[in-house]
Amino acid sequence: MIRFNNVSKQYNTKDGGLTAVNDVNIEINDGEIFGIVGYSGAGKSTLVRMLDGLEAPSTGEIDINGTDVAKLHGGQLRKQRQKIGMIFQHFNLLWSRTVIDNIALPLEIAKVPKAKRKQRAEELIKLVGLEGREHSYPSELSGGQKQRVGIARALANEPTILISDEATSALDPDTTNEVLDLLLKINKEMNLTILLITHEMHAIAKVCERVAVMDSGRVVETGSVFEVFRHPKQDITKKFVSEEFTPQQSDNTMTLEELVKKYPDGQIIRLVFHGPQAELPIVSDVVKHFPELTISIISGAIHQTQEGALGSLDLQLVGDQSQIDQALEYLKTLRVGTEVIHHG
Amino acid sequence: MANTTGLKSYFQFKNVDWGSMMSATWETVWMTLLSMVAIVILGIILGLILYETRSKSGVGYRILNWIVGLFVNIFRSIPFIILIILLLPITMKLAGTIIGPRAALPSLIISAAPFYARMVESYFREVDSGVLEAAESMGATTWEIITKVLLPESKPALIAGATVTTISLIGYTAMAGAIGAGGLGNLAYQDGFQASNNTVTLVATVIICLFVFIVQFVGDVFVKITDKRTL
């Protein structure tokens with residue numbers, strides 16, 4: 001169990017004090033994958049670096065299984081650090097060491113005998129699927145492979161906690177999914193607590209059970225990923241969730257104004273489904289029941305989260321107002337979350 | 001024995017005493033290599049102290065950083081020829097003589113080690129801070145970070161810097177030679193210049209150039225072998 005109790009961190013800068021982390025309270029259960037999402041500068045990295053004693057909190061305590069990490073020093077702190085693995089956005093591998101020697105570095109630091117180091121490093125290479133690349137240097141590997149080395153290295157000393165600090169942010173979408181799948185696998189196989197720091201809601205949806213949303217040093221929302229996706233409360237959370245539901249944002253997603261301009265008639269509604277509903281033929285049902293309505297699909301997305309599928313669909317309904325109202329009522333009976341974005 | 005003048009005076013090879021040329025070459029080579037060993041060790045130690053005490057906040061660190069920084073800056077700014085003269089009494093005490101290759105070593109080391117130390121400090125600062133943080137998060141001690149991360153990750157730069165330092169050191173040995181330290185500089189000055197034997201000067205020059213080329217070549221090869229960043 002990891003507990004952040006009223007943790008704050010202030011920095012003194014030339015322009016006065018800066019509060020990077022502001023009164024954070026989080027509890028993370030053993031064996032859980034916990035996500036912390038927020039934009040850069042929200043204080044996520046500072047918060048997790050405190051777990052490792054790389055930063056000291058200004059106030060509050062950080063409790064890992066009954067030990068207040070902030071009070072540890074010297075040898076005790078170094079011993080504690082060996083129980084926490086960390087993976088990074090830019091991998092932070094030593095270019096001067098081969099794959100196997102990079103993985104063996106934490107073992108050397110933990111004073112593991114040489115023969116055992118080799119054996120353990122080879123096990124880890126198998127675990128992360130890098131057989132045959134043991135003697136390559138990082139510069140000969142792709143981004144995804146480098147992160148696999150990073151993960152193997154983080155797991156070398158059999159930690160109980162793994163911190164992933166934006167570990168997929170420098171990777172392309174396919175590689176991101178591979179790395180996330182690997183994290184899921186090790187979470188299940190080794191019963192490892194994983195803290196996933198990211199600004200990508202996609203990564204959270206895919207692997208996390210619970211999530212905390214951070215903004216300007218504060219945790220503004222916490223809950224199960226499923227709940228947060230279905231009923232985001234804070235504006236920033238809504239923003240993260242809607243970004244995730246419109247993944248093609250950069251190229252062809254339109255803002256609400258643009259949507260309204262392009263589809264001036266009728267009503268634009270957004271349906272949010274979850275679990276088994278995502279697999280029901282809801283749209284064709286509505287079409288059958290209300291044949292006079294013209295329904296156009298504007299955009300949509302479905303995501304697999306740890307608790308099931310979660311989807312959103314933007315529709316334009318054109319036709320008689322009473323028909324539209326009835327259709328909305330009908331959707332409610334199907335227990336589909338319905339939100340009217342715009343009245344024509 | 002050498003009375004030819006003009007361009008021809010450079011090519012009177014019968015006037016060259018090859019035996020003394022050979023021994024002068026060896027003197028230069030061993031003066032350079034021996035002082036280089038001391039310079040690399042001392043430079044890395046001083047560079048490490050400068051690097052490690054640079055951003056620490058304790059009073060002790062500040063004082064140490066200031067003292068080492070001052071020492072380095074002073075000896076880096078004294079022109080070599082003046083430094084030799086300045087160090088004569090110390091040389092006498094250390095080497096027991098102020099003449100010959102042995103006597104040149106203290107001034108060579110004291111002048112070049114601070115130069116190399118500043119380079120070493122900057123190489124350490126160029127090591128990826130993320131990698132250092134990764135090692136710290138693994139529970140590494142400062143000593144482990146130095147030996148397992150800092151030194152291996154800056155190895156090609158350390159070698160390239162040592163190569164540059166060696167080459168300027170060869171220049172220093174020739175200067176030291178001119179005031180009695182032996183080696184090719186001494187030979188070029190005494191047998192060449194003072195005996196008006198231009199051929200000796202030319203041959204000594206060619207040998208020194210060859211020595212420089214070899215040092216540069218060997219240095220480049222080692223940089224290439226140790227640098228695994230681009231393959």
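Every residue, even glycine, has its Cβ placed from backbone N, Cα and C.
Predicted automatically and left uncurated, TrEMBL annotations should be read as such.
Feature annotations, courtesy of TrEMBL:
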- B:25-219: domain 'ABC transmembrane type-1' (DOMAIN)
- B:29-51: transmembrane segment (TRANSMEM)
- B:63-88: transmembrane segment (TRANSMEM)
- B:94-117: transmembrane segment (TRANSMEM)
- B:157-180: transmembrane segment (TRANSMEM)
- B:200-223: transmembrane segment (TRANSMEM)
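The transmembrane segment (B:63-88) is not in contact with the transmembrane segment (B:200-223), judged by fewer than 3 CB-CB distances under 8 Å for residue pairs 6 or more apart in sequence. Using a Cβ-Cβ cut-off under 8 Å and counting only residues 6 or more beyond its ends in the same chain, the transmembrane segment (B:200-223) has close neighbours at 10-11, 13, 15-17, 21, 24-25, 28-29, 32, 156, 159-160, 162-163, 166-167, 170, 174, 184-185, 187-188, 191-193. Same-chain residues lying 6 or more positions outside the transmembrane segment (B:157-180) and placing a CB less than 8 Å from one of its CB atoms are 28, 31-32, 35-36, 39-40, 43-44, 80-81, 84-85, 98-100, 103-104, 107-108, 111-112, 115-116, 119-120, 123, 126, 151, 186-189, 208, 211-212, 215-216, 218-220, 222-223, 226.
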